[in-house]
Amino acid sequence: MFTHIPTIRPETPLLDGINLPTDLRRLANIQLPELAEQLRAFLLYSVGQTGGHFGAGLGVVELTIALHYLLNTPDDHIVWDVGHQCYPHKILTGRREQMLSIRQKGGLAPFPRRDESPYDAFGTGHSSTSISAALGMAVADQLNGKNTKTVAIIGDGALTAGMAFEALNHAAHTNANILVVLNDNDMSISRNEGGLATYLAKNLKLTKGSRSETTAALFEALAFEYQGPIDGHDFDALLPALTSALSKSGPQFLHIVTKKGKGFQPAETDPVGYHALTKLEPINAPQKKKQPTFANNFGRWLLHTAQQDKKLIGITPAMREGSDLIAFSEAFPERYFDVAIAEQHALTFAAGLACAGAKPVVAIYSTFLQRAYDQLIHDIAIQSLDVLLAVDRAGLVGEDGATHAGCFDIAAMRCIPGLVIMTPADEQEQWLMLNTGYHYPGPAAVRYPRGSGTCPAAPDGSDEALLTETVPIGKGRLLSTGDSGTAVLNFGPLLSDARKLAEQEQHTLVDMRFVKPLDTELLSILMKTHQRFITMEDHAIQGGAGSAVAEFVTQSGWNGTLKMLGIPDQWIEHASRAEQLKQCLIR
Ligand SMILES: Cc1ncc(C[n+]2csc(CCOP(=O)(O)OP(=O)(O)O)c2C)c(N)n1
Ligand SMILES: CC(=O)[C@@H](O)[C@H](O)COP(=O)(O)O
Ligand SMILES: [Mg+2]
C-alpha cells in the first residue's frame, strides 16, 4: 500500500519492458501482480507531476492489465466510459513516456482519443456512452464478418444515466459479441446516489463473495448473461471470469467490485478528495492562496437564499463538490437532491417541482447541460416554468479540454423563446444575477466560468443591499464613454480584457449583462454615435452573444462594422484556461 505520492520516478523494470500490449501478453500470469504494483507506482508518480484524474485509474489497474492481456487489442475494442480511468490504459499502450505531458498544451489528452492511439477505441469525457458505442462496434464488426471482441467498461456512477439503460435494453436483444464490465466501486465523484446504487450495495453485502442472484436477476431480465460479483483486484478471480465471458457469444455482463483509489491509502480513505489531483508543488514553493471560485460563490448564494426562502430546492446531477452545493446540502438535506448522472431527469424533475410551487435551482456544468436540451425546451421553457439554471464551467475550462468546454450554451439557449440568459462579469455580478434569475417568474440561466474572477469578495453580509439586490432584466451597463467611435460590448467574465482594450484605444466600454433579452435600447443609442462594435465573450463565436448583436444591428440597418471576439470554429485542445483564452480571444 502506498502512503504518499513519489516525487522521484520509481524503478519499474517490469513495466519499462512493456511498450505495447503485445509485450504484456508475453508475461506469465504470476508476473501480473508485480506489474500492477509497478504500474500503480508509476501512475502515482506521473499524476503527482501533472495533476489529473486519479482515484478511478488506481481502481482499474488490474482490470486494465487483464483486458490487454486477454484481448487482441487494438483489433478487439476496449471502450472506457467517461475515460477518467484511462491512465493505466495509456501507460500500457505505448504512451508511458508521454504521461508527464498529459493535460498540458500539446501533450497527451486527458481522456481516450481516437486520433491519439489506435488503442483508444472511442473518445470520451462525458459519461454513460460506452455501451452504445461498444454495441455499434460489435454490430459493425459482425456485419463485416470480423470475429472480434468488444468490451465496454462502465462505472456504477455512469450506469445511473438513462443512456446506459437505453443501450443495455438494445444490446440485450442483439447477438452482438459485447461484454459489459460493471466496475462497481460504490462511488460516483461523490457518493453514488439512488435506488440502483443502494440495490447493488445491499446485494453485495448479502452475497459475501458468491454469485449475486438478485443482481443477476436485474441484468438477466434484460437478457444479458451475468457473472459476478468478483473481486476486480484479484487476478485469480479476474482472469478466469474474463476468459469465460469473452469465450461466449452474445451479450455478456461481468460485475466486478473494486476500490476507488486502490493501493494509495489517502485516496482509499478519501475517494471524493482524490477523484482528481492538482499537480504536486515542490516542497519549498511559496504557498498559493486558494481564491474562492465562481462555483464557491454560487454555493454561498444558494445557502444564503435557501435560508431566506423555504421554497428553494437545490439540484445537482452528480456534481455536488464541483458545483459547490456542499454547505447547502449539509444545512438543508431535505431540500437538496443529487439525482445521479441524470442531467435530463434533473431538468424535468425541476420542471415538476416548479409546477407544484417549489423554486428549483439546477446547478449544472455547461457541457453537461448539452445532455438536457430537449428537457430545457420542451419541459421547462414552453411551459414558462420558474426554474433557475446555474450554468457552471461556462466557456473554456482548461486541462479537461474540448469534451468539457462549455462553449455552446449561449447558442443553444438564445433561440429558446422566453428564456432569460445572463453573463456575469465577476462574482459580485454573479450574485446579483442569481438573485435576478431567482426572482424572475420564468426560466432563467446565469452562466459563469470555471475558476475565479476579478471580484472574489462577493457579498459577505457587510453590504446587506447586495444580498437581495437584483438587476433590471435586459439592461446593460455603460461603463465608460470613449471617443474612438468604437464600443466594446462585453458579455461575461472577460471584462478586464475588454476594459484594457477600451482604455488603450479610447473605446466606449459596455458590460451587456444579458444575452437575452438583449439591451437593444442601449445598442440603438450606441449605433448613432459609434461606427464599430467589438463583442467579447467566452463562448463560440458562431451563434453566440456577438451573433445576437449582429442579428440586431443588421436588421436595424446600421452601417457600422462588427468584430466578434470569442472561441473560433474549431476544437480548443487541453491547455491551461489562460493559454486557451490567449489562443482564442486575445489576438
Ligand atoms: C454526462 C456527464 N455528467 C457528469 C460527468 C461528471 N463525472 C465524471 S466522472 C463522474 C463519476 C463517475 O462515476 P463512475 O462511473 O462510477 O466512475 P468512478 O469514478 O467511480 O470510477 C461524474 C459524475 C460526466 N463526465 N459526464
Ligand atoms: C471526468 C469529469 O467529467 C470530471 O471529473 C471533470 O473533469 C471535473 O471537472 P472540474 O474539475 O471542473 O470539476
Ligand atoms: Mg464508481
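First residue shown is number 1, and so on along the chain.
Glycine too: its Cβ is placed from the backbone N, Cα and C atoms.
What TrEMBL lists as thiamine diphosphate binding site is H84, G125, H126, S127, G157, A158, N185, F264, E343. In the three-state DSSP reading, G157 (thiamine diphosphate binding site) counts as coil.
The number of other CB atoms found within 10 A of the CB of N185 (thiamine diphosphate binding site), across every protein chain shown, is 23. Annotation comment: TrEMBL describes D156, N185 as Mg(2+) binding site.
As annotated by TrEMBL, domain 'Transketolase-like pyrimidine-binding' applies to 292-456.
In this structure, the C-alpha atom of D156 (Mg(2+) binding site) lies 14 angstrom from that of H126 (thiamine diphosphate binding site). For the binding site of thiamine diphosphate, formed by H84, G125, H126, S127, G157, A158, N185, F264, E343 according to the record, the largest Cα to Cα distance is 32 Å, rounded to a whole number.
For the binding-site residues D156, E343, the largest tally of other C-beta atoms within 10 A is found at E343. Listed in sequence order, the binding-site residues among H84, D156, N185 whose CB lies under 6 angstroms from an atom of ligand 3 come out as D156, N185. When the binding-site residues H84, D156, G157, N185, E343 are checked against ligand 2, H84 have a Cβ within less than 6 Å of one of its atoms. Confidence annotation: the domain 'Transketolase-like pyrimidine-binding' (292-456) carries a mean pLDDT of 97 in the model.
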